[in-house]
């Protein structure tokens, strides 16, 4: 197997970069969904964030102003969603779709003059000797600040949800809005705040795409990342740390795909490795669950084992028939989406917040 | 303070009035948007909504109304089955693409045979089947594994787009096309072309099928048990289960119908207006159809009217692009705005809006 | 006379089309156990919601401890010392006991301190509870304890209890009453809402009776007969159902080791239920809410399919069949929840008639609906069961609870069932409608159908059942002849007092 320019260290480092937009968007959506709001407009908020961030960064010449603008853009758009679903009581699914269609149009319009422009770059955090450590240095200490911020955000969301009263109230509102209302909590206010947080995070994720990951503005550049973020929330069973795992898994697949395309690797050489690693991660998740005393999903276990087996068989076939032909470009480009579907099927989702997606109207 | 009170039943008057109000609001805010872009708002609105129908060159644009409206109506009609039952197929764009690919592949497999009586019907079937199959993926995954159909059907749009690119560049590429991407022209092959039935009217076979779909759906929804079950499931899933509706069957039927209709739309497009499988074959009809479905209140007649209106904004948008240098994105935004306003004003259909003095004011008044 | 804690003066609250409370005045003394009595729809809920700050009155005022009391929201009411235990529990299934309690407090201590205090209070009042259990897994009685402890931790001056005993076994009721008396002795006033007269006579010192939103009288329940109070409540004399005795016929429905997992999160699975139901008999199934009633009804209606060999209708195995085929055979059902289960709220009564009547009444042919026949059928139900509505074109949600219930039960009865299963047939229905429904069920049985009535209202079951069985955690007790069963025997069949007796001994 010719690995060529293929370097595991660079791969992992690029994986984290590839995962960050999705991670940011999905941690925001997780908070909204824990408050009982299903906002399908992540894609629209992300791309609006991407364009707002890009324009501001270019005009002011500072990427941080760009990120601020991205978060604001996403949050503003999400407030439109809040107005419709929380005050005008519209259907959340339909409104989310509308938000996406609207966001795509809005961003295309705003970004017209910015196609082909370069954004000011975001410096890598340089921690001196730490960053120079072999392998670990580049991965752990050599990222840009937004990567660390996204990780801190995951930790913060986890801690707030688990340990603070605000988190408890948010979970209560998402679990049973009628009961929360009966206890005197302001359901609409809590949800509006959660929606705005979700919008800001999605905007940040979009901003990271246009300012760091690509870094350019092109129409429709999110290319489904917002939807993948929604899928990851389901995959994570609404838990922050599993969300991190999911996002990095996806980042890994996208990063790998780009590496393969750039490095001219044959998909068939890589596919077994992908299958085996996805299978192993699946099994590890189950093992982790088991160790925590949770129930083990048999279906997931079997699927994990099947993936590993399929990978091994494929590797064998590779050896036997080196001339097997596949339309590489298709499978590579489609892989993030196919893997999303696969993961949605394999992962038996946990219990969703009780009031998720339901319209709340205080009848008194 | 404004208070909302749930109505005992949705207001009929408002359910007819809200789409009209939404369109008017969109015109007003769209006009403001065009003004911000430095265009005369009145000219812009006139160009979009009036010129295609009544201007000097309207004879040229009017047929386009049917050409653009047919796929929108076909797809939206299909979506209405699922949307009414709370099953959200938002991947019609993918089903539309795959329908076109299947139809083209079935036809081109027999190229250059001259047998329209065989090939055209075969392509129709293949198109419907392709869309159906693509929609069955989220359907079966939902029924079998409880997978979210919204996400799966949407992911499959991106996969279908990649498949389209791969087909245009590979398997279906025109061998005599001098290396250019894209398939043979299906609109120029007598066995496969989707002709205008009345010359100059824009009336092709897809328009006929769209009308049939409207009528068929009207009958199904108002008279057939399936329509009753779909409405019941959408309003009270638990009551539907008690009534004897098999939810899995309903998921498959509604996704299947919408997939097949979207596939048909793709078939009629690739054999007619588009002419060939190419990388940019799809124009977003599958997503715009979502707006059409809601704007038409998921009612077949409403969808027909909404489809016509949406087609108008497409045509008018193109005119505005060429004559007023209006950016294409402005039209896209305009369409998205329409759905927003519809959802926003819809509140009055289900709720009565009342003005109440806040408690503190009342105490003070006593 | 005790010191006045809370005085209500001329409270009035109107909703579009109904006056929920009209000029209601009364006082509650410090430490008094005060009953608020009335039929469904008499305005009890609105009144207590007003006191708890969930509803703002249109007119009138409240005085608490001599000061004007106008809680803008429940939080304000709680701060003033008013606590409330809801009829439909305001609990969060996915959260644990301590978290649920913390949500009802203004300044909760840390989770660990809170857990300690929960254990302390539950010990003092004989209400055992593990602070770290997930609430969704608790029984109805335990869930009520969560609510009560949540209130007690606030040191309330006034504790409002909305129909607290509807979810308890008789033994649990006795223990609850001891807790309430103890609280009263410590100076906490209790506003006790119920329509169960005997309970009120056993517990309360004063009773205020509401009818159609008005205060129609105050009395000392210990010195007033149940009949007198009932007549104040209803405003007339009560009709007691009657039936002709009929010899039971052959077995119409047989359950053999019926087991099925619940389709819902935090539901109760059915475990090895055995039962024979004969033609001409009414079998009453009692049980505290959440012990498998919904699941049993679902399994019998066909909404929940079960393995073969468990449900036999006249000897035919129907466990794997759906609702349509069971209806065709004559096995009909009416679920508890009217809105969204037995009926679709936003659909017309005609459409709701199709909902279950399509197969048996021939409302469709070759897949096409016959709207004319459907409407005629709906109108027949409306007429025969005295459903108050302008017509069959009106939506189900435009009907009052009692009227919709009459429609739902009537819809099944008019289809001439061989076996009819109803769950909570008179829940939330006024007394006269309830009497009419019970009479209709008895008539059905007299005409040779087998009737299963699942209910949490023991009085109702004793009134109409030939045999009685109880559901407890998804298991069904051996049915016993209903006449002559004592309250203690029934209580034991219902599962006794769960783990409460143990705690009491320890006290």
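A Cβ is built for glycine as well, from the same backbone N, Cα and C atoms used for every other residue.
Just so you know, TrEMBL annotations are computer predictions that nobody has curated.
Model, not experiment: these values are computed from the prediction.
According to TrEMBL, the transmembrane segment annotation covers A:6-25 (among others).
Sequence annotations record features per position, and here TrEMBL assigns transmembrane segment to A:37-58 (among others).
Positions annotated as transmembrane segment by TrEMBL: A:64-84 (among others).
Residues 38-48, 50-52, 54-55, 58, 77-78, 80-81, 84, 216-220, 226 of the same chain lie 6+ residues outside the transmembrane segment (A:96-115) yet bring a C-beta within less than 8 angstroms of a C-beta in it. Under the heading transmembrane segment, TrEMBL lists A:96-115 (among others).
Annotation source TrEMBL lists transmembrane segment at A:135-161 (among others).
Positions annotated as transmembrane segment by TrEMBL: A:182-205 (among others). Same-chain residues lying 6+ beyond the ends of the transmembrane segment (A:182-205) with a Cβ under 8 Å from its Cβ atoms: 20-25, 27-29, 31-32, 34-37, 39, 42, 45-46, 48-49, 52-53, 67, 70-79, 81-82, 85-87, 146, 150, 153, 169-170, 172-173, 225-226, 229, 360, 362.
Sequence annotations record features per position, and here TrEMBL assigns transmembrane segment to A:217-236 (among others). Only residues 6 or more beyond the boundaries of the transmembrane segment (A:217-236), in the same chain, are considered here, and those with a CB under 8 A from a CB of the stretch are 21-22, 25-26, 29-30, 33, 40-47, 50-51, 54, 100, 104, 107-108, 111, 114-115, 117, 119, 202, 205-206, 209-210, 242-243, 245-247, 250, 336-337, 340, 343-344, 347, 349.
What TrEMBL lists as transmembrane segment is A:266-288 (among others).
Sequence-distant contacts of the transmembrane segment (A:300-317) (same chain, six or more residues past either end, CB-CB distance under 8 Å): 268, 271-276, 278-280, 282-283, 285-286, 324, 345-348. The transmembrane segment annotation in TrEMBL covers A:300-317 (among others).
What TrEMBL records for A:329-349 (among others) is transmembrane segment. If one looks beyond the transmembrane segment (A:329-349) by at least 6 residues along the same chain, the residues whose Cβ comes under 8 Å of a Cβ in the stretch are 224, 227-228, 231, 234-235, 237, 246, 249-250, 253-254, 257, 260-261, 267, 278, 282, 297, 299-300, 303-304.
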